[in-house]
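As annotated by TrEMBL, NADPH binding site applies to 10, 11, 12, 13, 38, 122, 124, 208. The 1-deoxy-D-xylulose 5-phosphate binding site feature in TrEMBL is assigned to 123, 149, 150, 179, 202, 215, 220, 221, 224. According to TrEMBL, the feature Mn(2+) binding site maps to 148, 150, 224. The domain '1-deoxy-D-xylulose 5-phosphate reductoisomerase N-terminal' annotation in TrEMBL covers 4-130. The annotation domain '1-deoxy-D-xylulose 5-phosphate reductoisomerase C-terminal' is assigned in TrEMBL to 144-232. Per TrEMBL, the feature domain 'DXP reductoisomerase C-terminal' maps to 264-380.
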């Protein structure tokens, strides 16, 4: 019986993880769940799974959850420090890192430092702190299994003996696939008129507003290039991107003998999560089986870095090294939010991201504290830049 800690239990990764675990209650016991503000959902999940601990990271929500669960055997605790402590406990076998954003970074580093098997869905930890995470994993012996469908696809293609962070000797290159978002066929001169409503209408995946916009600008794929660079120890030039509108092939590995292995499946997060929970063994889940006859054909188109400038910015950030990916990630969060609130146009997301990437001196990544401080600095400067521009225009 494996003991599992699910961080971000009330989010989409938490939903998919717990859906798989429900089918395999003879193999998994929930050790701990965490949530931020979703009181109703975390109370319901706690009463269902009866974990040892529930961690709440919002003070007001903590008071409510503690009150509602006062007759439950589960210990309700407060704060991110408790998260870091719980994922390090010796009884925990698997940690699912589903907390979104920089808030999830400390617990990821704590789990890696403790040498855990980490099912990683938190992009920021690798994009911003890839150097810290991978060097820590090499020291502690932590096993990292990526849950992003693209990186999990590559991980599956590399075979059961593969250790994340090691460049496989028999691999020539890897290819990430991108749905292309809603605008891959739209002429660039029409980008000026794209509305937030159009940008969040993703053709294949049901996602939140931020990640839908990232998919529309291809920044999501850019961040995945940075992740792949760290997870598979691959140089920029050996990471390819293809637009594949059907989203059936999730990624491919190109081997030195000319062979190509691709992982295919319907777009459903239960597939990579069940492979992660099984620790390289396959588990049944609720995903629909793939019927290639129904699909009929698969198409591939080159990803246009000129048209989708955020894709090129991600490659530039890898080349710049150090804190550059963290700068790009923080700036992009601000610019996407500004676009969703109609403060800037769709085509200005890349413009402001580019300016921020070239405005701050690049240093080496040395600590999580440095990255969190940098994150605040970049957000403030990006907001100031947008404000100055919009004030000037008005």
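Note that the numbers count up from 1, one per residue, in the order the chain is shown.
Every residue, even glycine, has its Cβ placed from backbone N, Cα and C.
Any TrEMBL annotation is an automated prediction that lacks curation.
Sorting each residue of the domain '1-deoxy-D-xylulose 5-phosphate reductoisomerase C-terminal' (144-232) by its DSSP state yields 44 helix, 11 strand, 34 coil.
Neighbour count (other Cβ atoms within 10 Å of the Cβ, all protein chains): 26 for residue 220 (1-deoxy-D-xylulose 5-phosphate binding site). DSSP places the residues of the domain 'DXP reductoisomerase C-terminal' (264-380) in helix, strand and coil in these numbers: 64 helix, 3 strand, 50 coil. The Cβ of residue 150 (1-deoxy-D-xylulose 5-phosphate binding site) lies under 8 Å from the Cβ of 176, 177, 224, 228, 250, 251, each on the same chain and at least six residues away in sequence. When the CA atoms are compared, the binding-site residues lying within 10 A of residue 148 (Mn(2+) binding site) are 123, out of the candidates 11, 38, 123. Fewest other C-beta atoms within 10 Å: among the binding-site residues 10, 12, 122, that description fits 12. Counting only same-chain residues at least 6 apart in sequence, those with a Cβ under 8 Å from the Cβ of residue 13 (NADPH binding site) are 96, 98, 121, 147, 269, 273.
Counting only the Cα atoms, the space from residue 12 (NADPH binding site) to residue 220 (1-deoxy-D-xylulose 5-phosphate binding site) is about 17 angstrom.
Most buried of the binding-site residues 124, 224, judged by other Cβ atoms within 10 Å, is 224.
Cα to Cα, residue 10 (NADPH binding site) and residue 123 (1-deoxy-D-xylulose 5-phosphate binding site) are separated by 18 Å. In this structure, residue 13 (NADPH binding site) is part of a helix by DSSP. Of all the binding-site residues listed (11, 208), 208 has the fewest other CB atoms within 10 A of its CB.
Residue 208 (NADPH binding site) sits 15 Å from residue 123 (1-deoxy-D-xylulose 5-phosphate binding site), taking the Cα positions as reference.
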